Amino acid sequence: MKHRNFHLLDCKLIFSYYDLYRHYAINACLAPLYSVEGMHVITVEGIGDSGRSLHPIQESLSQAHGSQCGFCTPGFVMSMYALLRSCNEPPSEEKIEECLAGNLCRCTGYRPILDAFRVFAKTDDLIYTKTMSENNLSGDFICPSTGKPCDCGKGTTNSTETSTRGKQYNPFLYNKIDGSLYSERELIFPPELLLKKVMSLSLHGFEGIKWYRPLRLQQVLDLKSLYRDAKLVIGNTEVGIETKFKNLQYKVLISVTHVPELNILSLNEKGLEIGASVRLIELQKFLRKVITDYPDDKTSSCKAILEQLKWFAGNQIKNVASVGGNICTASPISDLNPLWMAAGAIFQVISCKGNVRTIPAKDFFLSYRKVNLTYDEILLSIFLPWTRHFEFVKEFKQAHRREDDIALVNAGMRVFLKHDHGTLEVLDASIVYGGIAPVSLTATMTENYLIGKKWDDILLQGALKILQEDIVLTENAPGGMVEFRKSLSSSFFFKFFSFVTNELNHKGFLIEGLNATGLSAIQPNYRPLTRGIQCYELTRHGTSVGLPAMHLSSKLQVTGEAEYADDVPTPPNTLHAALILSRKPHARILSIDDSLAKSSPGFIGLFGHRDVPGSNKIGPIIHDEELFASEIVTCVGQVIGIVVADTHDNAKIASNKIVVEYEELPAILSIREAVKSCNFFPNTGRCLTKGDVELCFKSGACDKVIDGEVQVGGQEHFYLEPNSSLVWTVDGGNEIHMVSSTQAPQKTQDYVARVLGLPLAKVVCKTKRIGGGFGGKETRSAFITAAASVPSYVLRRPIKITLDRDVDMMITGQRHSFLGKYKVGFTNAGEVLAIDLQLYNNAGNSLDLSAAVLERAMFHSDNVYNIPNMRITGDVCYTNFPSNTAFRGFGGPQGMLIAENWIQRIAMELQKSPEEIRELNFQNDGCMLHYGQVLQSSTVSQLWDQLKQSCSFVRTRENVNMFNLHNRWRKRGVAMVPTKFGISFTTKFMNQVMDFLFSFQIIICSFPCESNLCIK
């Protein structure tokens, strides 16, 4: 009997299957409830709680300061829990990092999380028990990884002097976490499930959806013949995305997870047979065993697929996603489909009548998301042939980041050679690319060119020329980056040629291999284990000052008990809201038709600008934006109205039925367009001067003068908790209360009071904690709550609104993008004498906080450099994008980045290292800054020298230069870049802190909400 054991995370889920109780992490948001029938579900609350006892994993994470906002914390806990429960021996550090690859943290940083979990990669359990001190009679430090005495725990704190008023404490060592707070046993697999017999399912769900779980192949075929449009589901990783974000509806879903004929993994003398329902994680394990048990010559394709699976996705996806599902999705950027095609895989399909036919993988993909299956056929299995002697298969993938990212371009390549009297001739070849065309693309002309040719450099040069004709990407090709993707296609073939050449040379079949400097072209990517050390002095002053105490909510966060806005219990008769958003960047609204929405299930009403009781004009500084667009929309994602219904899903469905007609108007879609047309917000121009820039340039004091431009892109806040608010009226509708996931409750209070026409005293906004904000929930969360307050006030009913991730990212703005134009003069020695800098930031369609962001960027435009003559001007650009807003750094990072760009340019011009230029121009005590402040107690030079020495920068730079000298294709770099925190907020009350002196006690008051890095 096959039992599956699931663990539910906040956004992750874990299960085990086959005859062992193994636990696997998957994404809970993609797991249909029906899919866990017969399985043991354990939530993060189930393994420990703050009131009684924490699980050792929870205890370790809490004591290691591994949570801040805490929204992602339960996911990390359950991923680690799944790994420990499924391992028969302590996991390696590599496995720990691998199991966490599918988890995201946006505020804590991964060092403390890995510190907390690394202690479980142990070999000696005594170190984690209270008998440790009894068995370690020598008193030596015991390494948590080896379980043996070592010195890795020494020297982790600074040796600075301790104040005589405080008491010195030893650093906290994470290996001392012994699980002493945990008093319960691990949960066992429920006996009733052991006795339960697996049976087929026929269930009915919301809106007439039917869910079937057959146990035999014939049952699948019968259901498919009965429901020709039925969707086969295994992990729901694609269907879940389609239904949630693409609004696709599938009325019949057939789960084929329990069909033995579709879960085959077998070997024969010709190759491997892989069932269509086999999960990718099981394929990964199977291929590892095959590669170990069989000769290299037979498993070249197995190695390529296994290596590609490593970067395919996180374990949470691979644990449920199936081979057949990935194939039949027919994604043009699938990592595996080019390899199936290149390796000569054969797909077996079966019809509802039981007829089986075979299709070569190269003939299976017809067009975008279309495959060679008729309505009554399903994919049965994949046959992967053994590779032959002198046959090589290799995988390639390039993405924005190495792990857990979709490919920009990927490829699978195969060549079969004939060795005859010292020469190597190509008998067969297959070159297939993904990310180039609507389907995985075969480079047919290149393949034909290769066949019959001798394997040498002449073949390489000829193939690269033919490849340019094979790979055609137009300038407006989907995905952009056309030239880069074209170069990747050539690069991949060059790497394949180098790989095969090197293999042949090692085996003695080719005299000339790659030279030493060329080996870097084929060296596999290797990332060493994450390492980080935090050094600080532990000196207690009084009760807790100076100690690294756990923050008060950490136990709630690691157990999933911490409440966020979406967790607040809703009052009776609560309605749910969804926003009506503009689909045009600049247009006139001609009509809004809600007739279809009125017939939608649970629909209550549509509210727009005419329903606002107070003012429809809002804004944090000036009221220059509308709550609900009345006549003109000025960006995609601008709120036109709000729909309320009885459930969250019904509200979304109804909102999608609202039809808005537009008359499109000209739109400004870049900073450069705004600058060209002088489209700036009024009264936002700024200018800061120091010295006389023009005189310096004309005097001849500057040996060199250069100019240039820098464009700094925006950045999504990507807080893990989307915006959520619950609004309700009290006192017969004369007062309104709300719970909101905002960083600025006062701004939300102000918006709602203004919109409803109420005095501030009648509006109460509460925020307990938020799951990340980074500035994105300072002003841009307020209008969402204000929109929900209108139907709540009009209907006198509670309204809840929680944005989906895609909607949240579309409407809430980003970090400001900047354009900097500079002219800088300097001496031949590298001393900067003058700079003339123009800054432009992209505000979007409203001013918001953009003027203050521009000012902060201007204040930081000198970074840490003393420049005698400066002129910095700034303008705030109006564009037809959602209003950009505060982001951690608030313009400072953009200003310093532009400064470092011209420092780099000076270094290149003078052929010196950037560090030399930086050191020559450091600010010192007495320097007058361009905003009138005189520097006092400047430590930049001292700190720079100390860090330069402690990190052995000079030696590291020499090592980098040596590496680059000996590696032609792979390069390394190292840099030291200083930063300075200049003037903070120009509005004085934003920098407030209050202190009161009573009886020699100092009380410090601050007014933040519990979020990420806001409370310190």
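Note: Cβ is positioned from N, Cα and C throughout, glycine not excepted.
All TrEMBL annotations are machine predictions without curation.
Small disclaimer: the values here were computed from a predicted structure and weren't measured.
Neighbour count (other Cβ atoms within 10 Å of the Cβ, all protein chains): 15 for C29 ([2Fe-2S] cluster 1 binding site). Look at TrEMBL and you will find C29 tagged as [2Fe-2S] cluster 1 binding site.
Look at TrEMBL and you will find C69, C72, C105, C107 tagged as [2Fe-2S] cluster 2 binding site.
In sequence order, I234, G235, A276, S277, V278, R279, L280 are the residues near S322 (FAD binding site), counting only same-chain partners six or more apart with C-beta under 8 A. The FAD binding site annotation in TrEMBL covers 232-239, F312, 322-326, D335, L379, K397.
In this view, F774 (Mo-molybdopterin binding site) is surrounded by 24 other Cβ atoms within 10 Å of its Cβ, with every protein chain counted. Taken from TrEMBL, the feature Mo-molybdopterin binding site covers Q743, F774, R888.
The number of other Cβ atoms within 10 Å of the Cβ belonging to E778 (substrate binding site), over all protein chains shown, comes to 21. The feature substrate binding site is assigned by TrEMBL to E778, R856, F890, T986.
Marked as domain 'FAD-binding PCMH-type' by TrEMBL: 204-389.
For the pair Q743 (Mo-molybdopterin binding site) and E778 (substrate binding site), the C-alpha distance works out to 5 angstrom. A Cα-Cα distance of 59 Å separates L232 (FAD binding site) from T986 (substrate binding site).
Around the Cβ of C105 ([2Fe-2S] cluster 2 binding site), the same chain contributes C72, F76, I113, each under 8 angstroms and 6 or more positions distant in sequence.
Ranking the binding-site residues Q743, T986 by the number of CB atoms within 10 A of their own CB puts Q743 at the top. Each of the binding-site residues G235, G325 was assessed for Cβ neighbours inside 10 Å, and the highest tally belongs to G235. Rounded to the nearest whole angstrom, the C-alpha distance between F774 (Mo-molybdopterin binding site) and T986 (substrate binding site) is 19.
Restricting the average to the domain 'FAD-binding PCMH-type' (204-389) gives a pLDDT of 94. Around the Cβ of R856 (substrate binding site), the number of neighbouring Cβ atoms within 10 Å comes to 23. In this structure, the C-alpha atom of F890 (substrate binding site) lies 16 angstrom from that of C107 ([2Fe-2S] cluster 2 binding site). Comparing L379 (FAD binding site) with C29 ([2Fe-2S] cluster 1 binding site), their Cα atoms are 26 Å apart once rounded. Checked against C69 ([2Fe-2S] cluster 2 binding site), the binding-site residues E238, R856, R888 differ in C-alpha distance, with R888 being the nearest.
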